[in-house]
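*Asks:* Take a look at the following structure, please.
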Amino acid sequence: MPSNKSVSDAPIVQFTNCRILRDHQLQREDLWVREGKILNPEKLFFDEKGSADVQLDCKDSIIAPGFIDVQINGGFGVDFSLATDDFKSGIDLVSQKILSHGVTSFCPTLVTSPSSVYHQVLPQISVRNGGTHGAGILGVHLEGPFISKEKKGAHPEHCLRTFEAGAFQDLLATYGSLDCVQIVTLAPEMRRSSEVIRELTKRGICVSLGHSVANLSQAEEAVQHGATFITHLFNAMLPFHHRDPGIVGLLTSDRIPAGRRVFYGMISDGIHTNPAALRIAHRAHPKGLVLVTDAIAGMGLAPGRHTLGQQVVEIDGLNTYIAGTKTLSGSVATMDTCVRHFQEAIGCSVETALEAASLHPAQLLGIEHKKGTLNYDSDADFLMLNDSLYVQATYIAGEEVWRQDVSGM
């Protein structure tokens with residue numbers, strides 16, 4: 001039966017012999033794609049009297065939405081917090097390389113830096129769609145410098161700032177521009193943070209709580225003012241205490257505004273978070289868990305010394321430390337590795353593990369109508385995976401942008 005071209009001349013591709021992650025379940029259905037979007041086959045058959053131009057046999061692969069990494073500091077020798085002459089080529093390299101790990105969209109993340117770095121780097125980053133050139137850029141995640149000295153982690157103390165003098169104006173002066181900013185991590189116990197959170201939220205910027213000594217009531221107040229995310233839960237915050245659970249207590253707080261969901265990032269690399277802690281968080285609040293890599297420039301490189309913004313870090317296996325210390329400084333894990341480790345550590349379903357890296361980050365950023373699902377009319381950003389959750393191919397807007405070399409498998 002010839003395809004019907006009355007609606008569009010674009011070819012219709014039908015992916016067959018696959019299991020699609022849709023409505024939280026793997027379903028044995030075909031996936032239909034046209035013009036970079038997921039197509040409803042019923043409308044195609046009954047309204048357009050159309051059919052596929054191309055059929056692709058997926059050989060019983062899992063098809064899942066592309067992964068979204070909302071906290072990645074760099075990788076493959078590139079550090080997003082360094083203002084270099086070839087910054088744009090560096091971000092292009094990372095966006096290309098992470099395709100093989102299933103990431104179809106990401107938020108390049110800058111750690112605490114001098115104001116001059118933000119002024120130099122931020123104008124060079126623009127929101128853009130993904131494609132054969134690499135994963136799409138959703139906007140920047142600014143992690144610091146408005147964070148706690150006590151919980152600075154790998155962030156350089158001499159670059160930390162407060163906004164008690166001018167509140168939002170201090171933040172604006174530090175960053176220079178918020179045009180491409182998607183997420184800001186700050187410590188909610190800082191004076192005038194409520195004003196800043198309200199202003200950022202008003203501009204559609206996601207506020208995340210992290211690198212903080214906030215108690216639970218301070219964290220709850222921040223959420224009431226608009227904060228919706230927690231940066232790498234358990235890391236760089238007060239440990240859980242039964243009389244004041246701190247930021248961690250947001251996972252089961254009864255003071256979250258109606259209709260609001262608090263999300264939290266987890267670095268599931270086997271280093272940053274003990275599997276028991278992963279399980280506690282997931283069982284307390286499964287729908288808020290967002291897998292992040294927190295990857296640094298050393299991801300994809302051999303052990304040794306690399307940079308993280310103003311600091312020198314040392315990679316030893318999967319451990320990354322500020323050189324000469326035992327302070328953890330980001331991760332070298334890739335997103336697909338984090339997904340596999342998460343599934344193994346939690347003992348959860350394949351669907352749950354995949355959604356923590358796709359649906360949940362999309363919901364956090366309010367883009368679930370186009371990313372993070374395989375719903376009809378959403379962007380055709382998806383992965384083919386085997387049953388062990390190794391990525392076999394990556395597609396953006398319905399176009400294959402990476403495929404596993406069969407000889408290398």
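Each residue, glycine too, has its Cβ placed from N, Cα and C.
Pulled the feature table from TrEMBL, pasting it below:
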ACT_SITE  Asp294  active site, proton donor/acceptor
BINDING   Glu143, His211, His232  Zn(2+) binding site
BINDING   Ala154, Asn235, Ala236, Arg243, His272, Leu328, Ser329, Gly330  substrate binding site
DOMAIN    62-401  domain 'Amidohydrolase-related'
*Asks:* Quiz question: given the binding-site residues His211, His232, Arg243, His272, which has the greatest number of C-beta atoms lying within 10 angstroms of its own C-beta?
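*Replies:* Sorting the candidates by Cβ neighbours within 10 Å, the top entry is His211.
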*Asks:* Take the C-alpha atoms of His232 (Zn(2+) binding site) and His272 (substrate binding site) and report the distance between them in angstrom, rounded.
*Replies:* 9
*Asks:* Where's the emptiest Cβ shell within 10 Å among the binding-site residues Ala154, Ala236, Leu328?
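*Replies:* Candidates: the binding-site residues Ala154, Ala236, Leu328. Fewest Cβ atoms within 10 Å: Leu328.
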*Asks:* If you count other Cβ atoms within 10 Å of each one's Cβ, which of the binding-site residues Asn235, Ser329 has the most?
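*Replies:* When each Cβ's neighbours within 10 Å are tallied, Ser329 leads.
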*Asks:* Near the Zn(2+) site, what residues other than Glu143, His211, His232 in the same chain have a C-beta no further than 8 Å from the centroid of the listed C-beta atoms?
*Replies:* Gln71, Val111, Gly144, Ile147, Gly153, His155, Thr185, Ser208, Gly210, Thr231, Asn235, Ala236, Asp294
*Asks:* Measure between the Cα atoms of every pair in Ala154, Asn235, Ala236, Arg243, His272, Leu328, Ser329, Gly330, the residues the record assigns to substrate, and report the largest value in Å, rounded to a whole number.
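*Replies:* The widest Cα-Cα gap among those binding residues is 30 Å.
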*Asks:* Among the recorded positions Glu143, His211, Asp294, report those whose Cα falls within 10 Å of that of Gly330 (substrate binding site); none is a fine answer.
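*Replies:* So the list is Asp294.
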